[in-house]
Amino acid sequence: MGYSKNIASGMFAMLLLASAVLSSNPHPLQDFCVADLDGKAVSVNGHMCKPMSEAGDDFLFSSKLAKAGNTSTPNGSAVTDLNVAEWPGTNTLGVSMNRVDFAPGGTNPPHIHPRATEIGIVMKGELLVGILGSLDSGNKLYSRVVRAGETFLIPRGLMHFQFNVGKTEASMVVFFNSQSPSVVFVPLTLFGSNPPIPKPVLTKALRVEAGVVELLKSKFAGGS
């Protein structure tokens, strides 16, 4: 009997611990916590708060997404981030945004946001939006041409891309449920990492000759 009670008590303790670990970020305990980006303290899941007397009066507003980005890039696109690093007022609030502008034929290459779900709205033009499922869904590609005023949803951690299929410029605005969603660009990560992934790993994984890997690495030298 005592042995059974000990097992039950142990399982209850483990459930409590799992609940604490898996719960979402705690709600803020103050109206505002403007990030002290210059602070020396170690930050964990957020930044230290500035004293409100030093925060100014414009931390709730930003005009950084008002201007289109320069799409004269190798991908033909430009991402303008508006996360906690650019908008300290979002600290502890669990939200951020970005704007992506596309030249005709431009792409936001396959990438992952490891810390956030994404909701986007196409503001101009038409974009092919693709979301790749995991092995659980058979690596299925979910895709659709999304036009101005239409929206799309990308679950946290799934690889996705956008491609301008129109003949004119396109743009979109996306929203994240994290103040710092981060991003992993798949081509850049594979072929432009620092230090580089060993060539035999890539040739074996991609089932190609070493020369193909060298060519791809040359395209992403310097992290571009």
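Placed from the backbone N, Cα and C atoms, the Cβ positions cover glycine too.
Residues or ranges marked as signal peptide in Swiss-Prot: 1-23.
Here Swiss-Prot flags CYS33-CYS49 as disulfide bond, drawing on similarity to another entry. Sequence-distant neighbours of CYS49 (disulfide bond): residues of the same chain at least 6 apart with a C-beta under 8 Å from its C-beta are GLN30, PHE32, CYS33, VAL34, ALA35, ASP36, ASN91, THR92. Under the three-state DSSP scheme, CYS49 (disulfide bond) falls in the strand class.
The average pLDDT for the domain 'Cupin type-1' (63-214) in the predicted structure is 96. Among the features that Swiss-Prot reports, domain 'Cupin type-1' is placed at 63-214.
The Cβ of ASN70 (N-linked glycosylation site) has 11 neighbouring Cβ atoms from other residues within 10 Å, across all protein chains displayed. According to Swiss-Prot, the N-linked glycosylation site annotation covers ASN70 (among others).
Among the features that Swiss-Prot reports, N-linked glycosylation site is placed at ASN75 (among others). Neighbour density for ASN75 (N-linked glycosylation site): within 10 A of its CB lie 18 other CB atoms from the protein chains shown.
Secondary structure at HIS113 (Mn(2+) binding site), taken from DSSP and collapsed to helix, strand or coil, is coil. Taken from Swiss-Prot, the feature Mn(2+) binding site applies to HIS111, HIS113, GLU118, HIS160, supported by similarity to another entry.
For HIS111 (Mn(2+) binding site), the same-chain residues lying six or more positions away in sequence with a CB closer than 8 A to its CB are MET159, HIS160, PHE161, VAL183, VAL184, PHE185, VAL186. The distance from the Cα of ASN70 (N-linked glycosylation site) to the Cα of GLU118 (Mn(2+) binding site) comes to 23 Å. Sequence-distant contacts of HIS113 (Mn(2+) binding site), defined as residues of its own chain at least six apart whose C-beta falls under 8 angstroms from its C-beta, comprise ILE154, ARG156, GLY157, PHE176, SER178, PRO181, SER182, VAL183, VAL184.
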